[in-house]
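Asker: Got these off Swiss-Prot a minute ago, pasting:
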SIGNAL    1-12  signal peptide
TOPO_DOM  13-39  topological domain 'Mitochondrial intermembrane'
TRANSMEM  40-61  transmembrane segment
TOPO_DOM  62-79  topological domain 'Mitochondrial matrix'
TRANSMEM  80-104  transmembrane segment
TOPO_DOM  105-248  topological domain 'Mitochondrial intermembrane'
BINDING   183, 218, 222, 229  Cu cation A1 binding site
BINDING   218, 220, 222, 226  Cu cation A2 binding site
BINDING   220  Mg(2+) binding site
């Protein structure tokens, strides 16, 4: 048992103090975002290293002999290099980013739809595909739990009294809007960040590939209690989701 515990994977699905990297991904979208970030960082560090090396060489040579390049006015070859090379690097960055941008905006045959409504300062969720025993759409509101009411293990400024419950490995579409001001529905582990605009319906899809609890927050300054709009998503197995659905 101890050996099994040593090899247990503990995913980072919540913000942690002094964390310098992303939360662990749980969707293909976030995997693509992480890969694009790492690729761009590679190009940035390569350019930084190359330019720094050139600057050091130039400063060193000039220090040894200030008049070495006194009469050099231009260099055609170096001008060609510093024009073409950055263009190639930008193209290598642009093409993957355009592809990822297109894929993140594409909504592919969702199995279920959840409507998200942002209000000052809480969220409202509607499961438009399901109705309860009274023939009404399943909907509820989600408020942040005040710090003085938090139980052991709950997270300050992140835990809510209700959460979005989603079956794992299911294509889910979020349709988002707002009733008052612009909010932003953002969950880092899912790679989701989309504005909720009054009078406008926007959509984003996701496929969560593992069970867990994922947190997000409103990421658009929306008023005095902007920080009191956390998002909590629970991903469960399909039988557990159906049981939860029957209880609503």
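A Cβ is built for glycine as well, from the same backbone N, Cα and C atoms used for every other residue.
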Asker: So, three-state DSSP: helix, strand or coil for residue 226 (Cu cation A2 binding site)?
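Answerer: Reduced to three states, the DSSP call for residue 226 (Cu cation A2 binding site) is helix.
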Asker: For the recorded Cu cation A1 site, enumerate neighbouring residues of the same chain (Cβ within 8 Å of the Cβ centroid of 183, 218, 222, 229, site residues themselves excluded), in sequence order.
Answerer: 118, 120, 121, 184, 196, 217, 219, 220, 223, 226
Asker: Around the Cβ of residue 183 (Cu cation A1 binding site), how many other Cβ atoms lie within 10 Å? Please give the count over every shown protein chain.
Answerer: 30
Asker: Can you list, in sequence order, the residues of the same chain other than 218, 220, 222, 226 whose CB lies within 8 Å of the CB centroid of the Cu cation A2 site?
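Answerer: Here the nearby residues are 118, 121, 181, 182, 183, 184, 219, 221, 223, 229.
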Asker: Please work out the number of neighbouring Cβ atoms within 10 Å of the Cβ of residue 229 (Cu cation A1 binding site), leaving out its own Cβ.
Answerer: 27
Asker: Taking every protein chain shown into account, which of the binding-site residues 218, 222 has the largest tally of Cβ atoms within 10 Å of its Cβ?
Answerer: 218
Asker: Count the residues of the topological domain 'Mitochondrial intermembrane' (13-39) that DSSP assigns to helix (H, G, I), to strand (E, B) and to coil, and report the three numbers in that order.
Answerer: 12 helix, 0 strand, 15 coil
Asker: I need to check the long-range neighbours of the topological domain 'Mitochondrial intermembrane' (13-39): which residues 6 or more away from its ends have a CB within less than 8 Å of a CB in the stretch?
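Answerer: Tertiary neighbours of the topological domain 'Mitochondrial intermembrane' (13-39) are 93, 96-97, 100, 103-104, 155, 158, 188-192, 206-210, 212-215, 235.
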Asker: Look up residue 220 (Cu cation A2 binding site) in the DSSP assignment and reduce it to helix, strand or coil.
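Answerer: For residue 220 (Cu cation A2 binding site) - judged by DSSP and reduced to three states - the answer is coil.
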Asker: How many other Cβ atoms are found within 10 Å of the Cβ atom of residue 226 (Cu cation A2 binding site), counting all protein chains shown?
Answerer: 17
Asker: State the Cα to Cα distance, in Å, between residue 229 (Cu cation A1 binding site) and residue 220 (Cu cation A2 binding site), rounded to an integer.
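Answerer: Residue 229 (Cu cation A1 binding site) to residue 220 (Cu cation A2 binding site), Cα-Cα distance: 10 Å.
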Asker: Would you mind listing, in sequence order, the residues at least six apart from residue 220 (Cu cation A2 binding site) in the same chain with a Cβ closer than 8 Å to its Cβ?
Answerer: 182, 183, 184, 195, 226
